[in-house]
Amino acid sequence: MNDFTMNDLMGLLPYAPIIAVVITVLVVMIAITMKRSHMVTGTISVVGLNIGLFILLGQMAGIIDSGSLVPAAEQLFVIDNFAQFNMVIIFICALACCTLSYAYLADLKDHKEELYLLMLLSTVGALLMVCAQHLASFFMSLEMLSIPLYGMLSYTYMRTRSLESGLKYLVLSATASATLLMGMAFIYAEVGSLAFKPISLTLADTFESPLLILGAAMMMFGIAFKLSAAPFHIWTPDVYEGAPAPIATYLASVSKVAMMALAVRFLIDTSLLALPSVQMLLMVMATLSILLGNLLAVRQTSLKRLLGYSSIAHMGYVLIVIVSIGSAADSISSMYMAIYAFTSIGAFGVVTLMSSPYRLSGEADELTHYQGLFWRRPVLTAVMTIMMLSLAGIPLTAGFITKLFAILAAVQGTNWFLAAMIILGSAIGLFYYLRVLLTLFKRPKQFIEFDVSKQWGLRTGGIMVIAVTAIIVFFGVLPNSMIEWASLARIW
């Protein structure tokens, strides 16, 4: 009996980083029931995430024993290099969102502590998503990520737009989840398995099955919604605009990284990428995402909506990587999503630092709110400038390296049309990213509606924003270190 118990405990070692976050959730719940304290709750959340991150890094370095999964868990989850790489990114992004939330909620008089609880619960779902290798764990972890987001998006419910964004995401996300379930049912009916690898083994006998193609298409529709890929992108700008700034940051970083990692593993492990119909569907989604995302962003006057449309275009670039090089897309897609997530944290972080949850008129999301920011806050302007240049793919930023790899992936797959689409999309994107930069350096308005404190760089959120800016510049100047780092993200 003791041996059995010890084996069970050893089988939980690979999950130690996730268990650390689960324990943090319990501690936060107890802390809230004992005495409400924003500082205590925020500190516990950050400490718990740091512990999980350090355990994960220790396991990757071989310092901490990572054990082996119990047989029952092996059917649902896998802890490989790909999962560990994306878990590191999720931990870093969740830490950034927690610290930005602390600064954002400082002036909120209502309950602040529950936001950390929801964010930690959602992070557990995200961590499980990148490890899922079974359709049951696929759906379970996805819902663990999504359900807390409904409350997080509506957290500043005193603002109509925030409440609207939460309700809109709830309704549309539920529809996407139902579509995913239906697709899973069709695939199971055809191949008789919910595990990714057995689906791949039976694919040769059911290659042209209409039921399999329909199931794969329905699953791709659900995945496209979660990724904000066209034509399932309509919700993105509205939800980004209405969401509290730190939650928009979370949606653009943690949620996107987890969903893309799950999608890549699903497509590679099941070999569904071998289906010509799936390849064509991905190509259409990628093309529409790049064109619609960039063209619609050109007309935006809201920075948050602009970043929302920008995210649609960037998901298109990653889809091109997946459809072009197939099973080799794991490391490049992970690298692209990591840099995109860090850039989103920097851009939305500036919005968060300048916003207040109690302004019924909204947050600092209009471009006019940033007019002349350079003359008041030059360092903050430098942060936003670097983020915009990285999103545009300008040299000496990490965004340039990832976009270059996306083009090279399309060329390697001889998808010349898709390579041209990346170049065209980048050219269009350059216009609206530079428009943001011109606004920052214009002559300031006489009346300043939104501003940040002079000591913003010493606050927790400000430190995190500066840190991700340094990462973007470092990997842009020394890309070899980023490439070596991303090469670890391989699916076994």
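Backbone N, Cα and C atoms are what each Cβ position is placed from, and that goes for glycine too.
Noted in Swiss-Prot for the protein shown:
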TRANSMEM  12-32  transmembrane segment
TRANSMEM  44-64  transmembrane segment
TRANSMEM  76-96  transmembrane segment
TRANSMEM  115-135  transmembrane segment
TRANSMEM  138-158  transmembrane segment
TRANSMEM  169-189  transmembrane segment
TRANSMEM  212-232  transmembrane segment
TRANSMEM  244-264  transmembrane segment
TRANSMEM  272-292  transmembrane segment
TRANSMEM  334-354  transmembrane segment
TRANSMEM  416-438  transmembrane segment
TRANSMEM  463-483  transmembrane segment
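Listed stretches 76-96, 169-189, 334-354 were compared with the transmembrane segment (244-264); the greatest number of C-beta pairs under 8 angstroms is found for 334-354. Against the transmembrane segment (12-32), the recorded stretches 44-64, 115-135, 416-438 differ in Cβ pairs under 8 Å, and the greatest number is found for 44-64. Using a Cβ-Cβ cut-off under 8 Å and counting only residues 6 or more beyond its ends in the same chain, the transmembrane segment (212-232) has close neighbours at 142, 146, 172-173, 175-177, 179-180, 182-187, 189-191, 203, 206, 255-256, 259-260, 262-263, 266, 272, 275, 277-278, 281-282, 285-286, 288-289, 291-293, 308, 311-312, 315-316, 319.
Non-local neighbours of the transmembrane segment (138-158) in the same chain are 108, 114-115, 118-119, 121-122, 124-126, 128-129, 131-132, 165-167, 169-170, 173, 177, 180-181, 184, 226, 239, 242-244, 247, 250-251, 255, 258-259, 262, 266, 357-358, 360; each lies 6+ residues outside the stretch with a CB under 8 Å from one of its CB atoms. Beyond its flanks by at least six residues, the transmembrane segment (463-483) meets 95-96, 99-100, 335, 339, 342-343, 345-346, 349-350, 353, 379, 382-383, 386-387, 390, 395-401, 457 of its own chain at Cβ-Cβ distances under 8 Å. Among the recorded stretches 44-64, 76-96, 272-292, 416-438, the one sharing the largest number of Cβ pairs closer than 8 Å with the transmembrane segment (334-354) is 76-96. Contact count against the transmembrane segment (272-292) (Cβ pairs under 8 Å) is highest for 416-438, out of 44-64, 76-96, 416-438.
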